[in-house]
Each structure stands twice: as structure tokens, then as C-alpha cells.
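Trainee: The structure that follows is given in the form of C-alpha cells.
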Amino acid sequence: MGIKSLYQIISENAPDAIKAGEIKNQFGRKVAIDAYVKTAQRYRASTDEEQLTNESGETTSHLMGMFYRTLRMVDNGIKPLYVFDGAPPKLKSGELAKRTMRKAEAQEAAEEAKETGTAEDVEKFSRRTVRVTREHNAECKRLLKLMGIPYIDAPTEAEAQCAVLAKEGKVFGAASEDMDTLCFAAPVLLRHLTFSEQRKEPILEIHLDKVLEGLGMEMTQFVDLCILLGCDYLDPIPKVGPNTALKMIRDHGTLEKVVETIESDPKKKYVIPDDWPYLQARDLFFNPDVRPADAPECDFKWTAPDVEGLVRFLVEEKGFSEDRVRNGAARLTKNLKSAQQSRLEGFFKPVAKTEQQKATAKRKAEEKAELAKKKKKEDAKAKRAMGAKPRGAR
């Protein structure tokens, strides 16, 4: 789920934190990728018309997505490192239960749509029933090993592990669609990196330092804002939308002060849920269960693919095209050996500002100009006062 409306807040209040570019612009970079998001994306992109299973009826869409989208990244000079989720924190159990319920409801709706609805209805509800299993993850790990692409298992949250690897300089950034990756202090969040080429979505670089600068916040305030917006650990406070949440943190500075203000309000405009352990949520963001970047498990490297192993697994066991698999292996061998070249940061351009963003920027510029004008007047007044003092006065 990530953080509700966080991208909207950043795009409106810190637009310079977001840069858009093509996948080729990531050339020469090592990137830690949230493997759950990557695996699930392929499922959600699949439709009934695509070949989701082999002749034996086994699901192969997760392997197809992992193989071809990884090839696309390597073709563009990216060195991917996949990070798989471990056990979720206990505080996340509520969100996971909701997801299970939503999938069950979607399954019922999909079955009903098959009887009475359109093909679009069937596809829409079928996508919501996606569930990545341990077997899917195990097969993806086997595939990555044969491809020569490294992966690690996170103790808990994959995005937290991606963030610490980026923070410690082991990789350039963390690739995930979950905005809460920024709450774990990832210096750079890459969105849409693992989308298929057909999606034609630009790769978004979101820089944490620019986010904090644009919002005028320290990291603790930013995390408090994200908790107030609603995250995987806690639901948002009823009736507190993104603009209200932003104003509350700016006005009061901390969640403690926000909670105190809400609870002392005689009108009871907002009501904090009985079970709302925001201190625990904050601690999970600042002290996640992750492997240190210098741990042996994080000493990863990229190797040449096992071509015959790939053929045995993908062709003989899973029914893939041998020509395509061998061609993909050749691309891996060639591109993983490619010498690193200098990067041109000019590849990226700032995201075009919306009318609302332009209006916000104009307002801030006017406020800044007004403050400068006021200060100039005060300085001139002080100077005149000094000049008006009688001679000999001290």
C-alpha cells in the first residue's frame, strides 16, 4: 500500500525532488529492487489472453516477467539486485488481513463477472486476486541464480533492506512502487523501473534530500507526516486528509503535539482510533529489522549466466522457447561484462509542473519577495535612526 497521497504532496510542495527520464538514463547504476513488487507486477499485467501457464498447467507468468524485465534492465546497463521480503512486522498484520479480505471479495466478484459481466470486468477483478506464493518466490530465486543476478532475503520488509543498501552506498537507489521506502531513509527512490516496455511510463527518481527541503521538514517530521497520512502499519485518522495532515505537522511539529491537540479539542472534530500505536510505527521506520550493509549476505556480485541451466529450467521444465532463452542468456553475458561508462546526469529532466504547482511556487516566491522587502525597510529605518542620534551619543 505504501503511504496514502504522499506522491501528491511531494509533487505539489517539492516538485524539484522528482525527476523523470528513460530507463537508459540509469546506465551504469546498481539498483536494489523490491522483489515482491516486481513479481506481483507481472501477474497484474497479465490477462486471460496471455499465456499464464505452460502445457502442464503450471503458472509461468512470474518467471516470464522476472526473466524479460531483468533482461531489459541489464540491456540498459543497470545492475539489479533483488531483495525478497521476510516475515512482516506484527504491526503490519492488520494491513495484511485487509489485503486477504479484499482478494477474497475480488475472487467472488471475478466468478460472478464470468457469469454475468463483460471481459473487462473479469480481467479487472481477476487482477485483484493476485497472490505471490512461497513457491513463486523460490522459482524466481532459482531463475535469478541461473541468470547470474544476485538476490538477498530481508529479515522483514524488502523496501527497508533496499533503503539501507542505498543509504550505505552499496547501490544507487531503491526501486519500488511503495512510497514508504522514503520513510526508511532511502536517499533515492526509483519508481516504474520494473514496468514493462509497453507501459511507456517514465522512470521517476525521487530524491529524499529535495523532498525534505521542499517540505521544510526534518526526517522525523517527514516520517510523522507519513504516519498521519496512513501507512501499512496504521490507518489514517478519520477525516484527516493529505492537506490537513501536512498542515498539522507544520503547525505542531510532532505527532505527539498533533495527538495532544486533537484530544484536547472540546469540539472533537477529529477522533483518534483506540488502537493507534504511532510510536511503534515510528520506531519501525527508524529502526527496521535489516541486515547491515557490511553483512556477508550483502556482499553480492553479478556473474555469467548458466546457459544450459536456464535451458533446462525454462525450456525443459517450464515450456519456454529455447531460442528466446538462449538469446536472452547471450544478452546477459554481453551486457553484464560491458565496461562501466561515465554517466551524464543531464539525461534527466525535472517533471513538468502542473498549474497548481506553478501557483504554489509563485505564492512562495511572492512571500519571499515580501519578506525581503520588509527586511529592507526595517534595515533602512534602523539606519536612519542611527543617523539621527546626537553627536557624541553612544
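Just so you know, glycine gets a Cβ as well, placed from its N, Cα and C.
Keep in mind that what you see is a predicted model, and the values were worked out from it rather than measured.
This is the feature table in Swiss-Prot:
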- ASP34, ASP85, GLU157, GLU159: Mg(2+) 1 binding site (BINDING)
- ARG69, GLU157, GLY230, ASP232: DNA binding site (BINDING)
- 363-382: compositional bias 'Basic and acidic residues' (COMPBIAS)
- 383-394: compositional bias 'Basic residues' (COMPBIAS)
- 1-103: region 'N-domain' (REGION)
- 102-123: region 'Disordered' (REGION)
- 121-252: region 'I-domain' (REGION)
- 340-348: region 'Interaction with PCNA' (REGION)
- 349-394: region 'Disordered' (REGION)
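Situate these features within the shown structure.
Mentor: Within its own chain, ASP85 (Mg(2+) 1 binding site) has ALA35, TYR36, ALA154, THR156, GLU157, ALA158 as residues 6 or more apart in sequence whose C-beta sits under 8 angstroms from its own. DSSP gives ASP85 (Mg(2+) 1 binding site) a coil state; it is part of no helix or strand.
Neighbour list (GLY230 (DNA binding site), Cβ cut-off 8 Å, at least 6 residues apart, same chain): ILE3, LYS4, PRO236. Under the DSSP three-state reduction, GLY230 (DNA binding site) is assigned to coil, being neither helix nor strand.
Summarised by DSSP class, the composition of the region 'I-domain' (121-252) is 70 helix, 15 strand, 47 coil.
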Trainee: Work out how many Å separate ASP232 (DNA binding site) and ASP34 (Mg(2+) 1 binding site) at their Cα atoms, rounded off.
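Mentor: Spelling it out, the Cα of ASP232 (DNA binding site) and the Cα of ASP34 (Mg(2+) 1 binding site) are 16 Å apart.
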Trainee: What same-chain residues, at least 6 away in sequence, bring their CB to under 8 Å of the CB of ASP34 (Mg(2+) 1 binding site)?
Mentor: VAL83, ALA158, GLU159, CYS162, ALA174, ALA175, SER176, GLU177, ASP178, THR181
Trainee: Using a 10 Å cut-off on Cβ-Cβ distances across all protein chains shown, tell me which of the binding-site residues (GLU159, ASP232) has the largest neighbour count.
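Mentor: Neighbour-count leader: GLU159.
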Trainee: Please find which two of ARG69, GLU157, GLY230, ASP232 have the most distant C-alpha atoms, given that the record lists them as binding DNA, and give only that distance in angstrom, rounded to a whole number.
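Mentor: Answer in Å: the longest Cα-Cα distance is 31.
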Trainee: Pop the mean pLDDT for the region 'N-domain' (1-103) in here, whole number is fine.
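Mentor: Averaged over the region 'N-domain' (1-103), the predicted model reaches a pLDDT of 81.
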